[in-house]
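Enquirer: Okay, here's the structure, questions in a sec.
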Amino acid sequence: MAKISFLLLILLPFLLRISSAELTSNFYSSTCPNVLSVIKTAVNSAISKESRMGASLLRLHFHDCFVNGCDASVLLDDTSSFTGEKTANPNSGSLRGFDVIDTIKTQVESTCAGVVSCADILAVAARDSVVKLGGPSWNVLLGRRDSTTASLSAANNDIPAPTLNLSSLISSFSNKGFNAREMVALSGSHTIGQARCTTFRDRLYNETNINSSFGTSIKANCPQNGGDNNLSPLDTSPTTFDNAYYKNLQSQKGILHSDQQLFNGGSTDSIVNTYSSNSATFFTDFAMAMVKMGNLSPLTGTNGQIRKNCRKNN
């Protein structure tokens, strides 16, 4: 008995490290050393075929992390035991890029089977997408594991809606540990990509803090009735990651209600001004906020799983 107890004392620190492992930058250095180049090549290829895909992959990571942490729950299809997150209001009909993640996963599995999580693939693909479109890079910490379940209700409740006002935006991000500056920086992800008419129609036809000529031009593609899925760019350079998003807000050309709320006479106006005049500061803050977001409640160690197919539990 004494020998067993002594052995447990020796092994306990090791066992604790496994069960509460932290993310590291070199997690796959020995088990899958080529994983980063495999993901980068696939992401670059996908964006070369369709530049909008970069924004879609970035959004997938965001919508994953804000719902019970960065655990690839957003990728799971519905099962008999749970309804997944794909049909949640913020995701239904708008989340894209699942096929790109599937392709990456297949390529990674052929290189090192059963080693790399889908959650890590999402995190790296988001970073590589931003870089491909001209934005900053950051050191993606790795070692996440994949969830075994997903939550429709959490997706509906935790992902910030495009209809939120400033106080609600600040509160929504604060609930995930972000301050107002980090919230404004992360909102800068809207410097790339497109928005569906249904997400900004109310702003277009009912709000006054919108540039009149800009509003008129957008209305041509977003009628008061119908055309819900018609797309309009989120900023004036939707395939380039830059600070034009903030310049647009200063001119009342934010397409989403939640976007324009960041520059509407409130407490975040000064942050928008900073990012508009200094893209380097925006890039630095955005990169730091993305690292922080990627660290939201990851499953590590012996928790969760490593999915063979990102859409299904093993």
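Quick reminder: no glycine exception, Cβ is built from N, Cα and C everywhere.
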Enquirer: Which of CYS32, CYS197, CYS222, CYS310 is the other half of the disulfide bond that TrEMBL records for CYS112?
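Expert: Of the listed candidates, TrEMBL names CYS32 as the partner.
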Enquirer: Among CYS65, CYS118, which cysteine is annotated in TrEMBL as forming a disulphide with CYS70?
Expert: CYS65
Enquirer: Tell me, from CYS222, CYS310, which cysteine TrEMBL puts in a disulphide with CYS118.
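Expert: Partner cysteine, according to TrEMBL: CYS310.
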Enquirer: To the nearest whole angstrom, what is the C-alpha distance linking PRO160 (substrate binding site) and HIS63 (active site, proton acceptor)?
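Expert: One finds 9 Å between the Cα atoms of these residues.
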Enquirer: What subset of the recorded positions CYS70, CYS118, CYS197, ASP235, ASP242, CYS310 lies within 10 angstroms of ASP64 (Ca(2+) 1 binding site) at the C-alpha level?
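Expert: Of CYS70, CYS118, CYS197, ASP235, ASP242, CYS310, within range: CYS70.
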Enquirer: Between ASP64, ASP71, ASP235, which of the binding-site residues has the fewest other CB atoms within 10 angstroms in the structure shown?
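Expert: Each of the binding-site residues ASP64, ASP71, ASP235 was scored; lowest Cβ tally within 10 Å is ASP235.
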Enquirer: At 10 angstroms around each C-beta, which of the recorded positions CYS32, CYS65, VAL67, CYS310 has the fewest other C-beta atoms nearby?
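Expert: Each of the recorded positions CYS32, CYS65, VAL67, CYS310 was scored by Cβ atoms within 10 Å; lowest is CYS32.
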Enquirer: For the domain 'Plant heme peroxidase family profile' (22-314), what is the mean per-residue pLDDT, to the nearest integer?
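Expert: Reported value for the domain 'Plant heme peroxidase family profile' (22-314) is a mean pLDDT of 97.
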Enquirer: For the binding-site residues SER73, THR191, which Cβ has the most other Cβ atoms within 10 Å, all shown protein chains included?
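Expert: That would be THR191, with the highest Cβ count within 10 Å.
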Enquirer: Would you mind reading off the Cα separation of CYS70 (disulfide bond) from THR191 (Ca(2+) 2 binding site), to the nearest angstrom?
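Expert: Cα to Cα, CYS70 (disulfide bond) and THR191 (Ca(2+) 2 binding site) are separated by 23 Å.
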